[in-house]
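Some notes on the structure that comes next.
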Amino acid sequence: KESAAAKFERQHMDSSTSSASSSNYCNQMMKSRNLTQDRCKPVNTFVHESLADVQAVCSQKNVACKNGQTNCYQSYSTMSITDCRETGSSKYPNCAYKTTQAEKHIIVACEGNPYVPVHFDASV
């Protein structure tokens with residue numbers, strides 16, 4: 001079974017590009033990362049930074065998660081991210097997404113030993 005840390009990498013890491021390459025980025029990435037297999041995942045964020053930089057956020061600013069848990073951390077610096085949001089015309093299995101590139105602080109939930117990101121909570 002896929003570990004929570006590996007799932008985070010599959011769902012949220014794209015270190016190979018510095019930003020979304022085109023307006024079609026989300027349509028391609030959501031499909032290739034298996035985020036449209038059983039349904040269209042409504043919202044997803046990809047982070048264009050090194051895995052080490054994103055893992056380091058687990059030792060940065062401790063904040064409360066949206067669900068009230070206390071194991072979330074906010075990055076000290078902004079990061080290059082791409083938000084993928086399902087469009088109104090999207091219908092499974094033909095999931096369609098709007099691609100939005102941004103520079104924001106990320107908030108991730110961390111768990112385990114080593115202490116690594118397992119959930120993308122928000123960007124601010």
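From the backbone N, Cα and C atoms, a Cβ is placed for every residue, glycine too.
The annotation compositional bias 'Basic and acidic residues' is assigned in Swiss-Prot to 1-13. Taken from Swiss-Prot, the feature region 'Disordered' applies to 1-24. The substrate binding site annotation in Swiss-Prot covers Lys7, Arg10, Lys41, Pro42, Val43, Asn44, Thr45, Lys66, Arg85. Summarising the annotation, Swiss-Prot assigns active site, proton acceptor to His12. The annotation disulfide bond is assigned in Swiss-Prot to Cys26-Cys84, Cys40-Cys95, Cys58-Cys110, Cys65-Cys72. Positions annotated as N-linked glycosylation site by Swiss-Prot, on the basis of experimental evidence: Asn34. According to Swiss-Prot, the active site, proton donor annotation covers His119.
Structure with Swiss-Prot features highlighted.
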residue	record	Cβ within 10 Å
Lys7	substrate binding site	13
Asn34	N-linked glycosylation site	12
Cys40	disulfide bond	18
Val43	substrate binding site	10
Cys58	disulfide bond	20
Cys65	disulfide bond	16
Cys84	disulfide bond	22
Arg85	substrate binding site	14
Cys95	disulfide bond	21
His119	active site, proton donor	20
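Taking a C-beta cut-off of under 8 Å and a sequence gap of six or more, Cys110 (disulfide bond) has these contacts in its own chain: Val57, Cys58, Asn71, Cys72, Tyr73, Val116, Pro117, Val118. In this structure the residues listed as binding substrate are Lys7, Arg10, Lys41, Pro42, Val43, Asn44, Thr45, Lys66, Arg85; their two most distant Cα atoms lie 22 Å apart. For Arg85 (substrate binding site), the recorded positions whose C-alpha atoms fall inside a 10 Å radius of its own C-alpha are Cys26, out of His12, Cys26, Asn34, Cys65, His119. Nearest to His12 (active site, proton acceptor) in space, judged by Cα atoms and limited to the recorded positions Cys26, Val43, His119, is His119. The distance from the Cα of Cys65 (disulfide bond) to the Cα of His119 (active site, proton donor) comes to 10 Å.
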